[in-house]
Amino acid sequence: MLSALARPASAALRRSFSTSAQNNAKVAVLGASGGIGQPLSLLLKNSPLVSRLTLYDIAHTPGVAADLSHIETKAVVKGYLGPEQLPDCLKGCDVVVIPAGVPRKPGMTRDDLFNTNATIVATLAAACAQHRPEAMICIIANPVNSTIPITAEVFKKHGVYNPSKIFGVTTLDIVRANTFVAELKGLDPARVNVPVIGGHAGKTIIPLISQCTPKVDFPQDQLTALTGRIQEAGTEVVKAKAGAGSATLSMAYAGARFVFSLVDAMNGKEGVVECSFVKSQETECTYFSTPLLLGKKGIEKNLGIGQIPSFEEKMISDAIPELKASIKKGEDFVKTLK
C-alpha cells in the first residue's frame, strides 16, 4: 500500500517548476544566510508555489534577500535581521523552515551539535509558538532526533502544541537512498522511492529497501553495505568537504522537496506521501519517522511501517535505545529553560 501511495521522489520538485500549480504559499526561512539557508531560499524563490518568502537570520539577510529579489519569479522576498525583527518575519506565514544552526565538521557527530543548536532551535521555536503557532514547522537543524522533541516541548509550554504540524525533515535520507539504489541498479533515480524510517542520525536511519518501488533485490552483503552507506552518507560529505562544512546543497534540495510536498497537500492535492520525524505511536519511541499522508492541516494519516523482513526489524530494535536517549535529551533540555 505504501508503495502505491508513494510517488516518485522528485515529482514534487519537478511540479514546483511547472506553471499549473497553486501558488499562494507564504514561507519563512529561519537561518536563511547559512550554508543550507541560501540554496534552500533560492529553490523556494524559484517555485511558483511560493508567493511570499521571508528570510531571517542574525547576519547578512538584507543582502541575501536583495540578491534573491532580482530573480524573475513572482515570490516577493524580504529579509529580516536580528531577534527584534523575527515577529514580523513570521507574520502570516503558512510554512516555517528552520535550517539555522552550526554545521558538522570532520570528527563530529550530529549529536556534538546539540549544545549550540538546541539553544538556537528552542529560541526560534518559542518565537514561532508566540507569533505564528498555526504555521507548519519544518525543522532541518540537527540533531533532528533531539530538535523535534525540543520544538514540541516549547510549543507545549506556550499551550499551542499541534503534533500534526511539526516535522523533522529527514527527506535527505530518502533522496540518498533513492540515488544509491538507482546507481546500483542502473535506474532513473527520479523513478525510485525508498521509504526511510526511524530517526536522522547513524543507525537510527533505517532504509526499507524491501519496500522500494520499483522492487529491487540485493544479496545480503550488498544490502548491508548499501544500508551502511545511506546511514553514513552525511559523514561521507563532511569528510569530502575537509572541514569546509557539511551537506548543504543536497540538504537544501531535500528541504525544498519536503516543503513543496507539504504545500501541495495544503493546496488540496491528494495522495502526497513523505517520510518525516514526527510524534508517533508506531513504536515505543514517542517520535519516529514513517511515511505520512499529508493533508490540508498537516499530517492526515501516519501510514506506519508495514510488513518488513527480519533484517529491517532488527535495525528498528537496534535503533530504539539510541533514539529514546536522543528524544529524552531534547525534552530534558527544555526543562532547564526558564
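Cβ coordinates come from backbone N, Cα and C, glycine included.
Taken straight from Swiss-Prot:
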type	residues	note
BINDING	Gly31, Ala32, Ser33, Gly34, Gly35, Ile36, Gly37, Asp57, Asn117, Ile140, Ala141, Asn142, Met251	NAD(+) binding site
BINDING	Arg104, Arg110, Asn142, Arg176	substrate binding site
CARBOHYD	Ser33	O-linked glycosylation site
MOD_RES	Lys165	N6-acetyllysine
MOD_RES	Lys185	N6-succinyllysine
MOD_RES	Lys185	N6-acetyllysine
MOD_RES	Lys215	N6-acetyllysine
MOD_RES	Lys215	N6-succinyllysine
MOD_RES	Lys239	N6-acetyllysine
MOD_RES	Lys269	N6-succinyllysine
MOD_RES	Lys296	N6-succinyllysine
MOD_RES	Lys301	N6-acetyllysine
MOD_RES	Lys314	N6-acetyllysine
MOD_RES	Lys324	N6-succinyllysine
MOD_RES	Lys335	N6-acetyllysine
TRANSIT	1-24	transit peptide
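Of all the recorded positions in the record (Arg104, Lys165, Lys185, Lys269, Lys335), the one with the smallest CA separation from Ser33 (NAD(+) binding site) is Arg104. The CA atom of Arg176 (substrate binding site) is located 10 Å away from the CA atom of Met251 (NAD(+) binding site). Spacing of Lys314 (N6-acetyllysine) relative to Arg110 (substrate binding site) is 23 Å (Cα to Cα, whole number). One way to see the shell of the substrate site is to take the Cβ centroid of Arg104, Arg110, Asn142, Arg176; the remaining same-chain residues with a Cβ within 8 Å of it are Pro143, His200, Ala201, Gly234, Thr235, Val238, Ser246, Ala247. Of all the Cβ atoms in the protein chains shown, 26 others lie within 10 Å of the Cβ of Gly31 (NAD(+) binding site). In the structure as shown, the Cβ atom of Ser33 (NAD(+) binding site) sits within 10 Å of 22 other Cβ atoms. Within the same chain, residues at least 6 positions away in sequence whose Cβ sits under 8 Å from that of Lys301 (N6-acetyllysine) are Leu292, Leu293, Gly295. Among the record's NAD(+) binders, Gly31, Ala32, Ser33, Gly34, Gly35, Ile36, Gly37, Asp57, Asn117, Ile140, Ala141, Asn142, Met251, no two C-alpha atoms are more than 18 Å apart, and one pair sits at exactly that spread.
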